[in-house]
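Written below as structure tokens is the structure these notes are about.
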Amino acid sequence: MAAATADPGAGNPQAGDSSGGDSGGGLPSPGEQELSRRLQRLYPAVNQHETPLPRSWSPKDKYNYIGLSQGNLRVHYKGHGKNHKDAASVRATHPIPAACGIYYFEVKIVSKGRDGYMGIGLSAQGVNMNRLPGWDKHSYGYHGDDGHSFCSSGTGQPYGPTFTTGDVIGCCVNLINGTCFYTKNGHSLGIAFTDLPANLYPTVGLQTPGEIVDANFGQQPFLFDIEDYMREWRAKVQGTVHGFPISARLGEWQAVLQNMVSSYLVHHGYCSTATAFARMTETPIQEEQASIKNRQKIQKLVLEGRVGEAIETTQRFYPGLLEHNPNLLFMLKCRQFVEMVNGTDSEVRSLSSRSPKSQDSYPGSPSLSPRHGPSSSHIHNTGADSPSCSNGVASTKNKQNHSKYPAPSSSSSSSSSSSSSSPSSVNYSESNSTDSTKSQPHSSTSNQETSDSEMEMEAEHYPNGVLESVSTRIVNGAYKHDDLQTDESSMDDGHPRRQLCGGNQAATERIILFGRELQALSEQLGREYGKNLAHTEMLQDAFSLLAYSDPWSCPVGHQLDPIQREPVCAALNSAILESQNLPKQPPLMLALGQASECLRLMARAGLGSCSFARVDDYLH
């Protein structure tokens, strides 16, 4: 038998070892991609950057009598096999992450060799590899020659049938209750071990010549239906969560949840929804309606790419805010530069009829400096470009033919008109009502409030808080540049070709001049506050767009995606709230963040139930 199964890796103890299936640093092979998809489906809670999953046997963590081949998945014995002192084992490349919850691998017996002294199981780091799994402390194994299980002892216990050539033995580790069971040819054999410690490695051991086994860590579908077993335990864990007792203080619990929902709606500017929710639940709103609408107006401008107008509106509604937040001002100005390249900021859209803002702000205007206040302006009407949404997909209602530069908005914009109704708070809490005018210095003037019909940023208009620009359609989180504004005179093989500013020389000069002023602002902030590497990187990324004739397709073109407006919008919104002594983050988001962090800590502590209590499972 030994001669018939000649040692595939005879000679050097490490002969036949390969690199573990890596593709030489290039693109992953189709097999590796399929493995990654299968592991992601089986173990979605595992962060493989922090805790990689076992994918192969380790060429560095084995006894010399073990040889590896076929991507370090095949194990063969190359020792003498005279007695138990010739036993040899190998561990997997990584321990089993606790975040798996349930972990499973299978081993196929390619050849039982001379005597079939094979062991399949688990072991901790540092356990002697000159032994079969299960013989030493923190080592566990199921042996093929007698069907016994070995739990950290040289004395085995009757467990299951023997196994031989052609059999497939599976090993399932339940990190929720600390147990392990085996399968043979797809059928469970029952619990083998209990009270298992954390951080165990899949392990196999061989002892006689000719023994060969192949491992399956997910490279191929398993014989055993592990996903059905996972569903069973997921239901148990989620049942525990749902059954958590709160009946004794149900009213208090509901009040907390209602306040969290209300504050979330207010934070993101869903004014009408927050008002309706407050009426239904009798929940007080901790901010005046006029102030919510002011923030809503500013967010809308940023999400539309009209950052220059957003800056001016912020300075008008909340004077001193940007002057006391130079980092925020610089972020906004860099974003404005990007939007000018994108053709969405009014500085390049309105060159033919310059607004007072354009004349006051550039060039040589102090408005770039955080030391100076706002300049007067009007807000452009967005009626022609206002987005709508169908089934969660944003689209534009602009009936005009698309050119690279949309016609400038009328100066008689309805968004600059004042509301005839005086602002009022909605179910405003008594404890905060006396301080409302102090905390919101300009929110109570009638010429700053805009009607609900114009300003309400409901979900149907802003899917997930992202507004679609004229040039980009957002479909399920992906961007399709199928409605790009192009200079009709610029054609490449019969197709429109995008150009910087649509080839408009005046707009290009406007961008260059603005860039010089932005550079001057960066230098000024450096002198006053010291060098800021984040500012330098932000500026370089923005300026790099000018190095390409088609910035949308360049290596830094991701900056032009509308989704990049979201972090800027969130930072500005949080700063406004913080300036009014309101939370800069909604409590609901803080609670979700805390829950996610608790699950990460559970995984690090080896508590496997964290895998089946993911926050995403409760977000609908």
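Using the three backbone atoms N, Cα and C, a Cβ is placed for every residue, glycine included.
Model, not experiment: these values are computed from the prediction.
The region 'Disordered' feature in Swiss-Prot is assigned to 1-38 (among others).
The annotation N-acetylalanine is assigned in Swiss-Prot to Ala2.
The domain 'B30.2/SPRY' annotation in Swiss-Prot covers 35-222.
On the 0 to 100 pLDDT scale, the domain 'LisH' (253-285) averages 90 in the predicted structure. The domain 'LisH' feature in Swiss-Prot is assigned to 253-285.
Annotation comment: Swiss-Prot describes 291-348 as domain 'CTLH', evidence class sequence analysis.
What Swiss-Prot records for 347-460 (among others) is region 'Disordered'.
Taken from Swiss-Prot, the feature compositional bias 'Polar residues' applies to 347-398 (among others).
For 437-450 (among others), the entry in Swiss-Prot reads compositional bias 'Polar residues'.
When Cβ distances are compared across the two stretches, the domain 'LisH' (253-285) makes contact with the domain 'CTLH' (291-348), since 3 or more pairs at least 6 residues apart fall below 8 angstroms. The helix, strand and coil residue counts that DSSP assigns across the domain 'LisH' (253-285) are 26 helix, 1 strand, 6 coil.
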